[in-house]
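Per Swiss-Prot, the feature signal peptide maps to 1-19. Annotation comment: Swiss-Prot describes 94, 261, 289, 318, 348, 538, 551, 624, 632, 659, 739, 791 (among others) as N-linked glycosylation site. Residues or ranges marked as active site, proton donor by Swiss-Prot: 480.
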C-alpha cells in the first residue's frame, strides 16, 4: 500500500485577477491520489483529472482497453464502485471567510467526502459543481483527506429503471446498443455503446478540480462567464440587422459577495496586434443569484468581422471584463471572442423567391454576417472513449485536417460530451463553425421535476460557458428525436403519440428553448438535429415553438435530411437521395487501414472474418451485453462486402495480410465514392428548386480502431473518404451525373462563391492505356460556362449509347474545370481548378491496364513525384507506414500516362526519425486485381 505524504498543495495564480484580495486557489491535481475498489485487491496511484480505466492502465493492472476484445473483457471495471482518495491536505489558510470545492466535471454518480464528512453527491457528468465546505474545514479533527466515490453507472441506472416510479416506454422505442437504460443518466450516452464505438462506461474525476479560499466577505471567485455579442435588436430566431451596432452583454457567475454598488467595465483589443478597439463602462448592472450582468452598446466601434474558413479572415479580440467597487478591482476576466452573426434561417419561402425558381416551403440554411453560404463539413463524435486523455495537440491536428479538407462546419453530435473550451478555441482560430447539441439521442427521456432541474442546470452552465466563441453556430436539442423516435411511436403506438409529443415538447421546447434564449441572443435553437422546422414562434404562447412535424405540403421542401441506405445495389442511383434544404447526416461504413488495425489487433486476427475483427464491428449493435454478436455484426460486414463486390475488383492476394489490407482499402474506395456521389448531388441542389445549402457527412473521425463511418482513423490517418472530401469540397467543382437506366450523362459545374464564375470545362475521352478515343467520342473537347453565385449549371449532356465509344469497358472521360472568380471577402481574382472523371461501367468491369506507377522523393523540396508510365492510373493511392501522422496534399486521384503529380506530405508527428520516407508506397486500382 502507498504511504500518503503530508501534502502541501500549491497555490495557483487566481483566475480572478485582483491584487488586493485574490482568493487562494489550490489545484487538486497537484495532490497525490490513490484509487481503490472492492473489485481490486490493492490500491494504485490515481490522478486528477483522470478516469478509472486510465489509472488502472498506468498502474499495469489492465492491458490497453483498446486492445483485442477488451471492451468486453474489462466490463468488471464498469460494474464496480471506485474511490479516489487524496493525500492529507495541508497548508490551507486559517483566517479565511469561506472554503469551497470546485469540480469542473465528475463522471458521474459521485459521493464527495472531506475529513470523513459527506459533502455532497452528484449525478451529472456535464455540470460544474461548487460546494461550500467552510464548516467541514473548521471542524476537521481527522486527516484532512478528500475522497470521491464513484458508483457503477450501469448498476445505478438499472436500479432507477427497476423503480416502479420510473417511467417506462413502449417496446422498440428506446435504442440500446450495449448497456441498457442510458436515458436515466446525465452521462455521455455513447459510454454505454454505439454502433461505431465501445461501451466502457468509464468513471472518475474527468476534469480539473480546485479548492478555493476567500479571505474576506467581499471577495469572489469566478465560476463561469457568459459573453454574448450580437446586433442591437437581435432575436434568436430572426435574421439580425447588419446595420445595427454591436451589443456586448457580459455576465459573470461567482461565489462570494459583491457590494451593491459594483460596476462593470470592458476593454476590447485585437488579439494579434493588441490594438485597442474600445473601452467603456457597462450599463444596467444587476447582481442576482450569484451572477453580475451588464450591457454595452458599441456604437463607435467598428471591429473586423470573424468569418468561417474559406469565407474570410478569423479576426479575434480579447475582451477584459472588470468588476470594481469604484475603488478597487474585485474581479477581472478575459475572454477571446470574435464579432459575427450566425443565424439558422427557417423562415417560409417568399413569393419573390418562388418566382426566382425556389420551391415553396421553408428555408433551412445558415447565414453568417448576413450572407447565405454553403455549409461543408462532417459530424464530430467523441475523439476517445476516455476524455481525460484527449490532448490539445491531437485535437489541433484533427482541426487542421478539417480545414485541410475545405470544411467550414462540424456538427458536434449529441450524446457524446459538450466540447471543452480548448476545442472551441481551435475552431475559433481555424474558422470551423460548431453546430452544438445537448446530450440527448435516439430515445425518449424522463420529464419528472428532478430530471428536468438537473438538465436545466446543465443547459445553463454549458450555454453560458461557450457562448463567447465565434465558432458556435447553433444549439440543437438532441439527435434524431423528432425525425426517428417520434415517427416510430406514431407508427407503432398511435394511441400514445400525443403523450410522447407532449413529453418531447416539455423537455426540448418548454424547458431548453427558454434557457437558451435567456442566456444568448446570438445563437439559434432547434429542438432536434433533423427536423421539418417550425410553423411559428410565439414567446408568449404556451408552447413557444410550434413544430411542423409531419404537417407537410406536397411539392414543398422543409428542414434538413439524414440518409442511410445499406442496400448497396442503389448506392449510386442519385434518385434515391433525399431532396431537402440541408443534409446533416449521411454515410456508409468502411474498414480502417491495416496500420490502424495493427495498433489494436494481434497478427493472427488480421483477416476479414476473424472473430476479433467481426466483434469490434458494432454495426449492427447487439442491443445488449452479448459478447457473441456474430449475427448482427455479420450483416454489417456483409454490407461492406457487397459494396466492394458490386462495384470494385475483389482482392485475392496470395499473402493473407496483404489481402486483408487490400480488402480494407476496397471498402474505403466504395465508401469514398458513395459519399462523393451524394455530396455532388447535395451541392448541385444549391441551384435546384430545393435550394440546398449544406452537407455534413457522417462522420469525421474514429473513437477507436474498428469499422465505422469515419473519414479519419483513430490516430489521425486519413481514409480515402477524407481525401475525397478535400477534393469535392473545393469552391468550384465539375461533377458527372450518370443515369444507368437511360444511359444519360449530365455534367454540372457547381460553385459556392458569392459572385458569378466563368470558365471552361475540358472533356477528354481516352482508353485505359491513355490513348485518346477518335473524335473524342463525338464529344466537344471544351465547354464554356457561367455559373451564378452559390449555384450550379449544366454544361453538357449526352447519351452514352450515342457516343462513338469502341468499348465502354475500355473508356474513361476526364473532366477538368478552370474558372476565374473572387473568393468571398477577397479583392483578388483567383484561378480555381478541379478534375473529375467518369467511366461508363463500374470499376470492377473496366479493362484495367497496369499504369506502371513510378514514385520518387525529393529530399530538398520534401515532395513526392508520382508518374504513370503505361496506362491510366485510377484511384492513385500513396500510403505511409506506421509511426507517422500526417497527410498527403493530394491522394486518390487519376493519372494519365506521362502525367506527373508532385505531392507534399504534411507532417504532424514523426516517430521514425525520418525513416518513414523509405516505406512510402503507391498503388492504383490495378493493384487491387493482382496476386501480390
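Each residue, glycine too, has its Cβ placed from N, Cα and C.
Under 8 Å, Cβ to Cβ, and six or more positions away along its own chain, residue 624 (N-linked glycosylation site) finds 176, 178, 180. The Cα of residue 791 (N-linked glycosylation site) lies closest to that of 480, out of the recorded positions 318, 480, 632. Neighbour density at the Cβ, taken as the number of other Cβ atoms within 10 Å, is lowest among the glycosylation sites 551, 791 for 551. Spacing of residue 289 (N-linked glycosylation site) relative to residue 94 (N-linked glycosylation site) is 28 Å (Cα to Cα, whole number). One residue stands out among the glycosylation sites 94, 318 for having the most other Cβ atoms within 10 Å of its Cβ: 318. Within 10 Å of its Cβ, the residue among the glycosylation sites 659, 739 with the fewest other Cβ atoms is 739. Separating the Cα atoms of residue 551 (N-linked glycosylation site) and residue 632 (N-linked glycosylation site) is a whole-number distance of 36 Å.
Distance from the CA of residue 318 (N-linked glycosylation site) to the CA of residue 261 (N-linked glycosylation site) is 26 Å. Non-local contacts of residue 632 (N-linked glycosylation site) by the CB criterion (under 8 A, 6+ apart in sequence, same chain) comprise 620, 621, 622, 623. Looking at residue 538 (N-linked glycosylation site) and residue 348 (N-linked glycosylation site), their Cα atoms lie 16 Å from each other. Between the glycosylation sites 261, 289, 348, 538, the minimum number of other C-beta atoms within 10 Å of a residue's C-beta occurs at 289. Looking only at the recorded positions 94, 318, 480, the one with its C-alpha closest to residue 348 (N-linked glycosylation site) is 480. Each residue contributes its Cα atom, and for residue 659 (N-linked glycosylation site) and residue 739 (N-linked glycosylation site) these two points are 33 Å apart. Listed in sequence order, 441, 442, 528, 529, 530, 562 are the same-chain residues at least 6 apart in sequence whose CB falls under 8 Å from the CB of residue 480 (active site, proton donor).
In this structure the C-alpha atoms belonging to residue 739 (N-linked glycosylation site) and residue 318 (N-linked glycosylation site) are separated by 54 Å.
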